[in-house]
């Protein structure tokens with residue numbers, strides 16, 4: 001199996017940066033994507049027993065399923081607990097992402113892997129993609145979006161952003177950056193410009 005993901009672009013950024021909106025725009029142009037968050041939700045369900053064993057029954061809802069918001073508040077308040085959850089789940093998340101990616105590699109066209117913690121978990125060492133793309137939004141604007149979207153308090157939104165690598169650091173590590181400080185129309189224009197800048201598939205195949 002060819003482990004190098006020659007047609008994959010890792011899409012990342014801070015929470016509230018607009019990654020999901022960007023993925024929706026990509027789909028309009030026919031680009032496929034893999035969503036790490038969706039995979040993580042499934043993995044959490046499959047390995048809930050391990051998570052409950054570590055965090056205790058306080059994270060359970062009345063139907064004995066995990067209350068994601070309660071769990072989120074716990075891990076975003078404690079780096080050690082956040083790292084423990086990541087240690088439990090990430091190997092399974094990584095395996096699922098790479099399995100899906102290998103299937104998309106067979107199509108020999110560009111596709112995207114939406115991984116919020118791409119750089120935090122090892123970047124191209126963990127996910128050997130062709131390129132990395134950061135969606136940039138200033139911290140203050142990202143907090144504002146999170147508060148509105150998730151009905152979070154300022155403290156809850158800030159805690160989630162502070163738990164991730166600073167967006168400026170991600171920008172320094174990325175191959176490409178798209179600015180999302182403006183409105184949807186501006187983001188769509190930036191998406192179109194980025195897509196047009198991608199090397200042709202034939203160039204990738206011959207490299």
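Each residue, glycine too, has its Cβ placed from N, Cα and C.
Among the features that Swiss-Prot reports, ATP binding site is placed at 16, 17, 18, 19, 20, 21. According to Swiss-Prot, the feature domain 'DPCK' maps to 8-207, an assignment based on sequence analysis.
Distribution of Swiss-Prot features across the structure.
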| residue | record | Cβ within 10 Å |
| --- | --- | --- |
| 16 | ATP binding site | 25 |
| 17 | ATP binding site | 28 |
| 18 | ATP binding site | 23 |
| 19 | ATP binding site | 27 |
| 20 | ATP binding site | 15 |
| 21 | ATP binding site | 16 |
Mean predicted confidence [pLDDT] for the domain 'DPCK' (8-207): 93
Three-class DSSP secondary structure - residue 18 (ATP binding site): coil
